[in-house]
């Protein structure tokens, strides 16, 4: 791993990295996160009885919109073409939580990790927003990059998950 901060110039000021000379390559990233909640809230999401509607359907759209908006909310992110974004949810009744997994893909000059992380974050925030009227104890946690492939820096896969 490089110890050079690529988003800082010689004067110590923030900058966007110039990727114009880089090759287009297939790049993919997977990120995950969790939102824990009261057991009744989890049951109501699964049963589809939340008054605002189908929580996971809306969260899926929110996650995709988040991925598409990454360059507008993360200052030094490039605006890249996202060729695929898929959001999945896994119910964990034992721990009273939903795991959110986002996969993003592009063919481009820079990575797509931030889009995957933003997709998970936006999906979790959407779940929170749709359920906050009945559960203010929800906690969003463990948002992380799980895997990435493609690009000059090589592949990464988190171990121990």
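Every residue gets a Cβ built from N, Cα and C, even glycine.
As annotated by Swiss-Prot, active site applies to 129. Annotation source Swiss-Prot lists substrate binding site at 76, 77, 78, 114, 115, citing sequence analysis.
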(message) Please give the substrate site's span as the largest CA-CA distance among 76, 77, 78, 114, 115, to the nearest whole angstrom.
(response) 13
(request) Compute the C-alpha separation of residue 76 (substrate binding site) from residue 129 (active site), stating it in Å without decimals. (result) 27
(request) Taking the Cβ of residue 78 (substrate binding site) as the reference point, list residues of the same chain whose Cβ is under 8 angstroms away and which are at least six residues distant in sequence. (result) 16, 17, 19, 71, 109, 110
(request) For the residue listed as 'active site' and residue 77 (substrate binding site), determine the Cα separation and express it in whole Å. (result) 26
(message) Is it possible to get the count of other C-beta atoms within 10 angstroms of the C-beta of residue 114 (substrate binding site)?
(response) 22
(request) Specify all same-chain residues, apart from the site residues 76, 77, 78, 114, 115, whose Cβ lies within 8 angstroms of the center of the Cβ atoms of the substrate site, ordered by sequence. (result) 70, 71, 74, 79, 80, 110
(request) Report the member of 115, 129 (the recorded positions) whose C-beta atom has the most other C-beta atoms within 10 angstroms. (result) 115
(request) Rank the binding-site residues 76, 77 by the number of other Cβ atoms within 10 Å of each Cβ and report the first-ranked residue. (result) 77
(request) Would you identify the secondary structure of residue 129 (active site) according to DSSP, in three states? (result) helix
